[in-house]
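Taken from Swiss-Prot, the feature domain 'Urease' applies to 134-572, supported by sequence analysis. According to Swiss-Prot, the Ni(2+) 1 binding site annotation covers H139, H141, K222, D365, on the basis of sequence analysis. Residues annotated as N6-carboxylysine in Swiss-Prot, with sequence analysis given as evidence: K222. What Swiss-Prot records for K222, H251, H277 is Ni(2+) 2 binding site, and it gives sequence analysis as the kind of evidence. The feature substrate binding site is assigned by Swiss-Prot to H224, with sequence analysis given as support. Summarising the annotation, Swiss-Prot assigns active site, proton donor to H325.
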Amino acid sequence: MPQISRQEYAGLFGPTTGDKIRLGDTNLFIEIEKDLRGYGEESVYGGGKSLRDGMGANNNLTRDNGVLDLVITNVTIVDARLGVIKADVGIRDGKIAGIGKSGNPGVMDGVTQGMVVGVSTDAISGEHLILTAAGIDSHIHLISPQQAYHALSNGVATFFGGGIGPTDGTNGTTVTPGPWNIRQMLRSIEGLPVNVGILGKGNSYGRGPLLEQAIAGVVGYKVHEDWGATANALRHALRMADEVDIQVSVHTDSLNECGYVEDTIDAFEGRTIHTFHTEGAGGGHAPDIIRVASQTNVLPSSTNPTLPYGVNSQAELFDMIMVCHNLNPNVPADVSFAESRVRPETIAAENVLHDMGVISMFSSDSQAMGRVGENWLRILQTADAMKAARGKLPEDAAGNDNFRVLRYVAKITINPAITQGVSHVIGSVEVGKMADLVLWDPRFFGAKPKMVIKGGMINWAAMGDPNASLPTPQPVFYRPMFGAMGKTLQDTCVTFVSQAALDDGVKEKAGLDRQVIAVKNCRTISKRDLVRNDQTPNIEVDPETFAVKVDGVHATCEPIATASMNQRYFFG
């Protein structure tokens, strides 16, 4: 077989096994672990290339014969479950149909089952791109619908959260309370080009108010201190969640009015729960809520304002807290409440615990102390800062950072999918799942996606002047694409609900046109099910200094003065 140099091959078909890719301007390098395509018969679109009639594209088989709708050729996949691999990705009926070698089995060897390219197939050239699952943000305050556009512009295509717009309750808590509000929000999100699951109010001792929200369509209960995060409220929310198989998320009691962190852990009664603000800067038992991350039944997340820990993190938190939680700077008790959350020691420990795989998920807390359009960016910045502070992870190979990168990718893809009961639909690049995918230029990985594929259609992309002679001339903006338009939006986006709501006919009763899918397996999971982030060490917090020890070792880092992928990526 004729041979070419590795450099020439990479120029034609992109990197292959053993090649390394730098991510943005970080010091993070991934290495392709395996290539599923084979060499010599690569599928390539374009003039004089292989995906032409009778060559790589079959000219006899119809779509009814299983031909792909879309193929992404020669792309580098970065996925928490698959690893870092090179492959073609086939899409059909809005789902991932195959990962491997695409083409025409009539003239090509080794074409993967279900990955035939034909007349019905369009192509995206992935030769010099990275493909990930689209991000999932599990901590959304539904304050403004425009959040969806900013999230898509950073590669996030699924929201879990609550609210009804800019009410004070929504500004402070991720809650859509009661059946009427839930119904209206289900109808409103029909026009959003992202998947959405709504959280109801879990602060109730009564069974009735909890059950009616599950039947109305929520995918979980949120117990928030602003509504009273008492032990009894937690117990009742968890019991009802067990009954209807939905998740419970908690923002615990910062003031320790109703008990301490030990009392809250006791109220969990060993049942599965998603803890928001596990670090405590965004709220929760002061100063030691971070201890819950050691519990096997706790699925811990934290939010992006303190990730990575920077020299300005502490200063900006105070004003955030005052605004979000309706506090008065002229009331000493309100000021003390805000100040109790701002603890540099626990913020530093939060960063370290993410790097160790102890805090398992990463979310935004959109417009309520966090930035909805910065999740992927903050994840890569944090991973890079932790490599600089802590060195290579023991799990990483000598020449790459694959494990660390995949650990952080899991925090915004598969782990929130598992936690919210939707990993059978989204969260990873796996055959059979909805084709919610993001393509990145490696130079902008984590900062600026090239395009977002939603349910098999491109619904968001960096696009040049629509009046230009090419797609590329400036000004290049993120713009909605055809997948986010008309009735296709409903076909390519999902509204997640409880099984109780689906059984009650919520789709018909609320007049929903989108796909409506029930969450499942929310109550039988534990931290052991979370990918690459399942560690449960002993965590202690000094009540005087707030120093955090993990298995007896002080967990801390210095705040960074500069971050990767920062000002040089964002002018203005």
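Glycine is treated like the rest: Cβ placed from N, Cα and C.
Features per Swiss-Prot, on structure.
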| residue | record | DSSP class |
| --- | --- | --- |
| H139 | Ni(2+) 1 binding site | strand |
| K222 | Ni(2+) 1 binding site | strand |
| H251 | Ni(2+) 2 binding site | strand |
| H277 | Ni(2+) 2 binding site | coil |
| H325 | active site, proton donor | coil |
| D365 | Ni(2+) 1 binding site | coil |
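Cα to Cα, H141 (Ni(2+) 1 binding site) and the residue listed as 'substrate binding site' are separated by 12 Å. What surrounds the Ni(2+) 2 site, by Cβ distance within 8 Å of the Cβ centroid and not counting K222, H251, H277, is the set H139, T173, T174, V223, H224, E225, A229, S249, V250, T252, T275, F276, G282, G283, G284 from the same chain.
The residues near the Ni(2+) 1 site, meaning same-chain residues not in H139, H141, K222, D365 whose C-beta sits within 8 angstroms of the mean position of the site's C-beta atoms, are I140, G161, G162, T173, T174, S249, H251, F276, T303, S363, S364, S366, A368, G370, in sequence order.
Within its own chain, H325 (active site, proton donor) has G172, D226, G283, F337, A338 as residues 6 or more apart in sequence whose C-beta sits under 8 angstroms from its own. Cα separation, H277 (Ni(2+) 2 binding site) to H224 (substrate binding site), rounded: 11 Å. In this structure, the CA atom of H251 (Ni(2+) 2 binding site) is 5 Å away from the CA atom of H224 (substrate binding site).
The binding-site residues in question are H141, K222, and the one with the fewest Cβ neighbours inside 10 Å is H141. Sequence-distant contacts of D365 (Ni(2+) 1 binding site), defined by Cβ-Cβ distance under 8 angstroms and a gap of at least six in the same chain, are H139, H141, F276, H277, G282, T303, N304, P305. Long-range neighbours of H224 (substrate binding site) (same chain, six or more residues apart, CB within less than 8 Å of its CB): G172, T173, T174, V175, N203, V250, H251.
H277 (Ni(2+) 2 binding site): 27 other CB atoms within 10 A of its CB, across all protein chains. Looking at H139, H251, the binding-site residues in this record, the fewest other C-beta atoms within 10 angstroms of the C-beta turn up around H251.
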